[in-house]
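As annotated by Swiss-Prot, domain 'Nudix hydrolase' applies to 69-195, with the evidence given as sequence analysis. Look at Swiss-Prot and you will find 100-121 tagged as motif 'Nudix box'. For GLU115, GLU119, the entry in Swiss-Prot reads Mg(2+) binding site, with the evidence type similarity to another entry.
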Amino acid sequence: MIKVQTKWLERAQRIRAIAQAGLAFSKDVYDRERYEELMKLSAEMMADYSEKDIEVITDLWQGEKGYPTPKADVRGAVFRENQILLVREKHDELWSLPGGFCEIGLSPAENVVKEIKEESGYDTEPSRLLAVLDSHKHSHPPQPYHYYKIFIACSMTDGQGETGIETNHAAFFPEDRLPPLSPKRNTPSQLSMLFDFLRHPDKKTIFD
């Protein structure tokens, strides 16, 4: 059932992408009307196969203009004494790697340093790109957007554990005692991948 649900969500995202691109470039009034109808249809499909109301989805998509592309989500892998840094999100009390959407004007490396500082209080320095993964190819729950997830290894340089606007705890965990994870942000297999990089420093970058 999950695979069927995911496939329909991917189709809804694809229909929405085609419609949004059409609205960005088409001047024909009739074509634009058809693209608007496709946008509504894709929102209805998304609502049917996700946990979000159609109004929420419509609001999320309202400001999206131009040619659609996947969103970039960057996550920092910070280790200390063979334990990985995780932060707990306030709104669901689940744990994730520090990170978030890439902001315009900042590189992925600059973004991850900023996110780690804001969410955990630690100053870090990016050292290596570990992986670039497609959210559709991993066991994330259904979501309205398509993401490329960027994992960057970072070394701690200063600071102490502090919480941010979106987080209420930051702590280091060993691989065999991980807390409840936020599956839309990171999966158990992705955490295992990062610990594997720790054990094998010469491991090649992984990408989908």
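Placement of Cβ uses the backbone N, Cα and C atoms for every residue, glycine included.
Each residue of the domain 'Nudix hydrolase' (69-195) gets a DSSP state, and the totals for helix, strand and coil are 27 helix, 56 strand, 44 coil.
Sequence-distant contacts (6 or more apart, same chain, Cβ under 8 Å) of GLU119 (Mg(2+) binding site) comprise VAL87, PRO98, GLY99, GLY100, THR163, GLY164, GLU166, THR167, ALA170. Note on the domain 'Nudix hydrolase' (69-195): its mean pLDDT in the predicted model is 94. Counted within 10 Å of its Cβ, the other Cβ atoms near GLU115 (Mg(2+) binding site) come to 26, all protein chains included.
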